[in-house]
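Take a look at what TrEMBL says about it:
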DOMAIN    6-146  domain 'EamA'
TRANSMEM  7-25  transmembrane segment
TRANSMEM  37-55  transmembrane segment
TRANSMEM  75-94  transmembrane segment
TRANSMEM  106-123  transmembrane segment
TRANSMEM  130-147  transmembrane segment
TRANSMEM  153-169  transmembrane segment
DOMAIN    155-286  domain 'EamA'
TRANSMEM  181-201  transmembrane segment
TRANSMEM  216-233  transmembrane segment
TRANSMEM  240-260  transmembrane segment
TRANSMEM  272-291  transmembrane segment
Amino acid sequence: MSNEKKGVLAAILAYAFWGAFPLYWKLLEHVPSMEILLSRVIWSFVFTVLAVIVFRMRKDLVADLKYLWSHQKHFWQLAGASFVISMNWYLYIWAVTHNHLIETSLGYYINPLLSVIFGVIFFKESLSRAQWVATGIAFIAVIILTINYGSVPWVALLIALSFAIYGVLKKKITLDPTRGLAIETLLILPFALGYYIYLFTTHQASFLHVDVKTDILMIFSGLVTAVPLILFAKGAQNIPLYLLGFIQYVAPTIVLILGIVLYKEPFSQVEFLAFSIIWAALLLFSGSKIIETRKAHHKSVS
């Protein structure tokens, strides 16, 4: 099997893993969302540090920490990114455990479009006419959903917004994904441990107080966070970005299917129309990116 095929397989597995996350968080819906987040931060740190040791990246991790300490701007950007991704995780966990899977999938469908708008605003990136049209079409879909719900789909927009901000903060920081997650969770770790101590001292903690199954699920929340990230890192190294851009829609598609088929969340005709508009926008946007990439490749070859 070629490296590119291995990369495609690894990327698909990573996004399929992310798409299946609701199955895991649903098993913990009897635990408060904040405590699930705290467990995820703490145990993600533990498992990513173990991965760093297993994959012999200790020296690289130390070098990353030294670099961040000597480059304060990047340190604070990563600290901000750590806070934002924690907020994103909380929103996702809360949405899944409170039966908002369809809105969650919507958030990750519109996230790429929001990210490119941020690229234009913060990094002076340019968009083609087709990409602007695609973004406008997606905006129309959000308006349709707002009218249908009677309120703005805040869950979807906050998930998309938080992940887009995370991307902006991390754009100039090139870290290996596994080591990056270890450092990000390290930065949040003191807050997570402090809050957990508060939960234990006030007898509000579920961990070690419900049953063994809950304890195991909370511990392994770190592992299920680390595994797809490692797969993604392997995939991203070996496949073109435009292909990775297509594969990313595997995750929200799985979440949408789980919400409708398995968890029987209502999915009206208006919602189907809005999602169809977003899918059309994504096809237009991704298609234009592929054409751009191929043109750039042909120019570089010639």
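Just so it is clear, glycine is given a Cβ too, placed from its N, Cα and C backbone atoms.
Annotations in TrEMBL come from automatic prediction, not curation.
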Considering only the recorded stretches 37-55, 75-94, 106-123, 153-169, 181-201, state which has the highest number of Cβ pairs under 8 Å to the transmembrane segment (240-260).
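Ranked by Cβ pairs under 8 Å, first place goes to 106-123.
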Please work out whether the transmembrane segment (106-123) lies in contact with the transmembrane segment (153-169), by counting C-beta pairs under 8 angstroms that are 6 or more apart in sequence and asking whether there are at least 3.
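Checked: the transmembrane segment (106-123) vs the transmembrane segment (153-169), in contact.
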When the domain 'EamA' (6-146) is classified with DSSP, how many of its residues are helical, how many are strand and how many are coil?
122 helix, 0 strand, 19 coil
Same-chain Cβ contacts of the transmembrane segment (153-169) under 8 Å, 6 or more residues past its ends?
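That would be 77-78, 80-81, 84-85, 87-88, 91-92, 95, 100, 103-104, 106-108, 110-111, 114-115, 117-118, 122, 142, 145-146.
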If you average the pLDDT over the domain 'EamA' (155-286), what number do you get?
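91, rounded to a whole number.
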State the residues, same chain only, that lie 6 or more residues beyond the ends of the transmembrane segment (7-25) and have a CB under 8 A from a CB inside it; answer 'none' if no residue qualifies.
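That would be 1, 36, 92-93, 96-97, 101, 104, 217, 221, 224, 227-229, 231-232, 234-239, 243-244, 247-255, 258-259, 263.
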Take the transmembrane segment (130-147) and find every residue of the same chain, 6 or more past its ends, with a Cβ under 8 Å from one of its Cβ atoms.
106, 110, 113, 116-117, 153, 156-157, 270-271, 273-275, 277-278, 280-282, 284-285, 287-289
If I count Cβ-Cβ pairs under 8 A between the transmembrane segment (216-233) and each of 37-55, 75-94, 181-201, which range comes out on top?
37-55
Using a Cβ cut-off under 8 Å, which residues of the same chain at least 6 positions beyond either end of the transmembrane segment (75-94) come close to it?
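Same-chain contacts beyond the ends: 21, 25, 33-34, 36-37, 40-41, 68-69, 100, 104, 155, 158-159, 162-163, 165-166, 169-170, 172-173, 175, 183-185, 187-188.
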